[in-house]
Structure formats: structure tokens, C-alpha cells
Amino acid sequence: MAGAAGPASPQGTLPAGRSRVGTPLIAGGRAPGSRSGVEPRAMPHRHRLEPGPAACELANRTHLDPGHQQGSAMDTDLRTPDEDGSGDGISTVSGSRNPLQPADTSSEEPFTTYFDSKIPIPEDETHSCFSFRKLWAFTGPGFLMSIAYLDPGNIESDLQSGAVAGFKLLWVLLLATVMGLLLQRLAARLGVVTGLHLAEVCHRQYQKVPRIILWLMVELAIIGSDMQEVIGSAIAINLLSMGKIPLWGGVLITIADTFVFLFLDKYGLRKLEAFFGFLITIMALTFGYEYITVKPNQEQLLKGLFIPYCQNCGTPQLEQAVGIVGAVIMPHNMYLHSALVKSRQVNRANKKEVREANKYFFIESCIALFVSFIINIFVVTVFAEAFFDKTNADVHEVCANSSSPHSSLFPNNNETLAVDIYKGGAVLGCYFGPAALYIWAIGILAAGQSSTMTGTYSGQFVMEGFLNLRWSRFARVLLTRSIAITPTLFVAIFQDVQHLTGMNDFLNILMSLQLPFALIPVLTFTSLSSVMNDFANGLFWKIGGGAMILLICSINMYFVVDYVRSLDHLGLYIGAALLSVVYLSFVAYLTWLCLIALGVSFLACGKTQQLGFVMRPELFLLNNVDSDSVTAR
């Protein structure tokens, strides 16, 4: 095998990518075609691919130091033949794990994570185009990903949209969900094709300083999301207990049950995914009950959903539309989805299996986000029908007549009704009875608990990927919970529920600022043929994805600027201006690298060694190398 053979041995030359018994080595150390059972762990002493002449020539041309030559050789386009010997294999940046991680040793403690075992994919020869058996095997990651579209922040955005704009912004929710689906497709493809999730790819490809900054920004997004989920759960517990459990008590309960629920994966990956499915079902039933009780106008619903208009809309409606986009598309969800798809057994040395996995994961994501979209529709239309154009005086009168303990929440004036998660439950109870309030609280609790768990998984994947750490789940949960809980707990102790729900506005701004740090990298790496090989983005996805990310980031920047303007304080303006310079400089850096990956090569200016992917310069140079010279024959 020219150009990719290992060193000679007593048994003869070892072909690249094959074990001593002649079986191709692929992800997890199993043989191709074995799609059942649990993938074995990587053995401590396994054979690695050695760089061939073409790969070495590439490394020499790019002046890699010796410590990086082996890593680069493994990243170049070395193909692994599949089982039929046709050579119809693919090469990616990964084997079964990050090649930059130290080899496993028998003295290390076993590290437990979401991927202790992988779900086998059944063979179905009778249905070549589509198989429900295979779809069922791939079902799971998309529904866990969709929970981020149903977290308490999204629910609050939904109810405010209905109360402020009625049915007029349903089309914005639909458009935001479709854009989110397309972006999730890119994240899932990255994980399937490479065997690495987004944080691991960032660790391999970005320089050290940008990589650390990127990690900190993503951690901020995860912490902000954690806080929203804790707030939602605490408010739900307070409503269910009729105020007997204070908000700070709800926060502490949320801490405790998070630790309990996260150990469900000890009983099997499918059982954990089933539990998340159960929580989504609870949300669908509870918010669906509210929908049936209120009976929204179906004609107005369809009109608002499919006709992009907003008649007589002003600044409040525009701000709400921007808030919908910011709430739906979550930065940490890109990192989460790219990791979750690794839980299925996919032979990445076989193009057909990779293509099949991409197809079924996309179908599953479509179904999952359709379900989440319907649940969001329930919430928007309930508040659009019942509370659009209502004043505080209207609600105060109804609550007083129904002897509700929450009538004091609504001052007796003619200002337009402003609602949040807490007030939303109270006003439903006033108009439709106590059952509506309790069922609403159950739905919010399910949203908070499910999103808390997926947020913790996101944090674990991000920390492991960016820092190459191997922390236990307990340590990871303890760290992120502590950071998220501390400010929320202080507010819950020393302030009332109005201040607790008011934190959501600031947290939405925080997460809006972090969006470029997920969207730009995922477009960058899925557009690089040296990372994705034959599955790299085509021209349509490069242009369309770039335009979509530009639109989303611009919308969220408007949201941030509007929030800063509302602060009305000179000192805060100056601080925001200074931070914006640093922030925009880093975004510009990531955008510059992304444009080079998209094919705007003149921007490299011959300085990729100093400014670009210095650890992996083949990302720029591989396209200039004859592909045959680095193809295993």
C-alpha cells in the first residue's frame, strides 16, 4: 500500500488502517459490517496509521514541528478501504476518539459518559430506501436536541409573543424553527462524519488562545441557559405548592433532582432517551390541555402562520419578533447535537453507512422539531386568544371576582398586560380555573427539568472537548450547577418573583451574544473538505448557511443594542462600548477563518501559519495536494 504503510514487522508490512489479522480498524476498534452489539473500547496498545511520503511532504512544507507531524498525518486524506475491498471508504479527522488525546492505559480509571455503549443499527435488506426499523434505531438524539426549543426561556418568549402581538408573529416562530433545523443538520453531520463533536474539532483546529476564549464564551451560554432552566423549575414548584415552597426552596429542589435524574443513564441509553420522551409528552399534554380549554381562533392561527405580515405592529412587536429568534436558536445546542449523534454505531469507513446515518438523523430532527413547534404553537395561541390587548385592570377584575390569591400581581390600571412564566400561570388560573394553573405549572416543571439535564450534558461535552478533560459527571454537574445556582439563589432569597423572572431578559441577551461562537465554527468545519471529505458543504449550503448565520446574528445584535439602550446609564454605555470592541474583534477573527474555509482564499494573505489554523495547516493546503498522492492504495 503506497504512501500509507506502517513500519515493517516480523509478520510483514502492516497495511494502514488494518490490524494484524487483516481486519480494517474503524471507530471503536470493530470490524466493518458489525452493526450489532456494543462497540469494544479502544485497546491500550493499538496500531496507528503512520504518515506516508505525501503526508510528510505536506508537513515539511507547512513547517510543522515534530510534535505535530503525527497528528497532521492522521488528519490528511488517508482513505481506509471498506470491507468489500472496493476502496469506497472515506477519511475524516477522527478514529474512535480524538487522536490528540493520550492513549488509554490500563492504570487509568474507566471514564463513564453518555457513550459507554452505542446503539446498534439493524440491517434491513428488504427496505433499501427507507426503513422504520432503522429510523427507530436512530431516534433519540434529535428529541434530546429539541428540548432546547422547549426550555422555560422559549415558553416565556411564546406567551409574551401571544400577549403582545396576538397571532401575528407565528410565521416568525415557524421561520426561526426551520432555520434552527438547518443549522442542527450541519452540527449532526459534523458529528456523524468525523466521529468528533464540535468542541473536539475546535480543540484540534483552533489555536490555543482563540480556543480558550471560545470555550469561555460557550460556557457563559450554558450557564445562562442553566439559570433560565432553574428559574423556570423554581417558579413551577412555587405555583404547584400555592406559594408554600418559597422560590429559594424551589431552586434547592432543582439542584437535588438534577443529580438524581442524571444517573438514569446507568440503566441504559435507551431508557434515558425514553425518559426525555416522557417529559416531552408531559409538555405536549399539559400545554395541549390549555389549547383545548382556550379554543383559539383557527382561522387567525393559520393566517398568522403562513402569511408573513404584522399589521399595525410597532416597536414592542418588533422586539418580540427578535426575541423569538434569539430564544429558539441556542448556541450550546449545536455542541450538544454534534455529540449526541455519536451514540449510534456508524462505520465511518463506509460512505453508504455515513450517508444513511445523515439521512435518518435529519428525518428524526425534522420530526422532533415539528413536535416542539406544535407545543410552542399551543403556548403562543393560548395567550394570543385569551390575553392579547388585555389591560391590567381587565385581569385584576377577573382575578378578584374568582377570589384568586394572585389578583395583587396585576395593578388596577389601564396599562397593557405584561406576562411572564409566573404571571402566565396566575392569569390562566383566574380565567380558566385552578386546574389550568396547576397543569401549566406541571408543563413548566417538565420543561425546566428536561432542559436542565440536556444543559448539563452540553456542559460536559464542551468542557471535555475544548480542554480535553475527563471529569466525572458528578464533578461536572457540581461545577455548572454551583455557578448557575449561586446568583439565582441570591435573587430568590432577597428579591421577589418579579426580579427572578426579570433575569430572563438579561440571560436572553447573554445567550444572544454567544450565538456566533457556535454558528460560525459549525459552518467553518462542515465546509472544509479536509474535515468532511465528500460530505463537505456544497456551494448552496456555503452561501445559504453563511447568509442565514449573518441574518440570525444581525437580528440578535439588534436585540442586544436595544437592551443596552434601555439601560439609560452613561457608565454602562461606556462599558458596553469597550466590551463590544473586544467582542467584535474576536467575531471578526472567526469570520475571517470561516470565509477562508468557504473558499475566499485571497483573505489568507499567506499568513495562515501565524493567524489561522496553525495547528492544522492542511485545512488550507490539502486542496492543493494531488488527492491520489495521499490516498491509500
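Indices start at 1 and increase along the chain as displayed.
Glycine residues also receive a Cβ, built from the backbone N, Cα and C atoms like all the rest.
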Annotated range (TrEMBL: transmembrane segment) out of 321-340, 421-440: 321-340
Close approaches to the transmembrane segment (361-384) from elsewhere in its chain (Cβ under 8 angstroms; 6 or more beyond its ends): 135, 138-143, 145-147, 149-150, 154-155, 158-163, 165-167, 169-170, 173-174, 177, 180-181, 184-185, 188, 192, 280, 283-284, 287-288, 290-291, 294, 296, 300-301, 304-305, 337, 341, 419, 424, 428
Contact ranking winner - 162-183, 321-340, 506-528, 573-606 against the transmembrane segment (213-239), Cβ under 8 Å: 506-528
Range from 162-183, 321-340, 540-561 with the greatest count of C-beta pairs under 8 A to the transmembrane segment (573-606): 540-561
Spatial neighbours of the transmembrane segment (540-561) far in sequence, C-beta under 8 Å, 6+ residues away: 179, 182-183, 186, 319, 322-323, 325-326, 329, 508-509, 512-513, 515-516, 519-520, 523, 526-527, 594, 598-599
